[in-house]
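Visitor: Pasting a structure below so you can have a look.
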Amino acid sequence: MADPSLEAAASQDLTPSSQPMFRSEPSIHVELTHSHLDVLATMARVKSPKAGAVVLFAGTTRDSFQDLEVKHLAYEAYAPLALNTLLNIARSVKITHALTSIAIIHRLGTVPIGEESILIAVAAPHRQAAWRAGEEALEETKKRAEIWKLEQFVGAEGVWRANRDGCMGEKVEDGNLGGR
Amino acid sequence: MTNPKSPAGQFTLLYFAAASSFTKRTSENFSAPVRAADLFQLLEGKYPGMGDKVLSSCAVTVNLEYIDLDGDDAADGDLMIKAGDEVAIIPPVSSG
């Protein structure tokens, strides 16, 4: 059975509302938000006359996992640590690929199916660097950012995913913890 | 860095994802000091089964820095968690 308290828990981010959930420095922006992600605004953030290529990745919530129907997803984050990690990833990818700009934005709380959960925008003088940088930024984010996804299935309990093995994580139904 | 949320003489432990499902909490205060290497044992005592089912795949941060508790000669085996520290259990992540 769906447990509303778990969905509520997944919506919180342990950050006081007075603390903005973003970090910015010249040509770098990382952010966590409970709002809809804005593709055009994110792209505009990285564009410049020096950049001949902008690559934008939009990660969108899927309606199934291993043939199970997903009702919606919910994300929670350890916001201050996740922002540190995202900033480190952005700095590193920007240097490695000589980007002119990079933005990484992740949504938190409940994300209905078909909506964006993550946007990564990178700008570079040429397309090859932009493609590679976009992929590297996404893979590093999935591997390292302190953000967790709860998949709420139709007619079943929620499951915390773990990116590293591609398997279902822990089920969250009472008395069934650790079940696969 | 100190955590304004901890009562005097205590540290705050944050739970996320599978750790918060298991404990049915998002945070909890414990009396300080505690040896970092003894943290998982403390939690297993309070939440039987948590060690195998959750903690075995988790990392730990103290004041937003990861600590190394792996093995008998772990780098941070002797680290003490102090009053006011913000400690977190970090399950395998799943952003994107």
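Residue 1 is the first one shown; counting continues down the chain.
Cβ coordinates come from backbone N, Cα and C, glycine included.
TrEMBL lists these features:
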type: BINDING; residues: A:His126, A:Arg127, A:Lys142, A:Lys149, A:Leu150, A:Glu151; note: substrate binding site
type: REGION; residues: A:1-20; note: region 'Disordered'
Visitor: By Cβ count within 10 Å, point out the most packed of the binding-site residues listed: A:His126, A:Lys149.
Guide: A:Lys149
Visitor: Long-range neighbours only, meaning 6 or more apart in sequence with Cβ under 8 Å: which ones does A:Lys142 (substrate binding site) have?
Guide: A:Asn163
Visitor: Out of A:Arg127, A:Leu150, A:Glu151, which of the binding-site residues is least crowded by other Cβ atoms within 10 Å?
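Guide: Result for the binding-site residues A:Arg127, A:Leu150, A:Glu151: minimum number of other Cβ atoms within 10 Å at A:Arg127.
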Visitor: Checking A:His126, A:Arg127, A:Lys142, A:Lys149, A:Glu151 - which of these binding-site residues have a CB within less than 8 A of a chain B CB?
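Guide: Only A:Lys142, A:Lys149 pass the 8 Å Cβ test.
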Visitor: Provide the three-state secondary structure of A:Lys142 (substrate binding site) computed with DSSP.
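Guide: Where A:Lys142 (substrate binding site) sits, the three-state DSSP reduction gives helix.
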Visitor: Kindly assign A:Leu150 (substrate binding site) to one of the three DSSP-derived states: helix, strand or coil.
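Guide: Its secondary structure by DSSP: strand.
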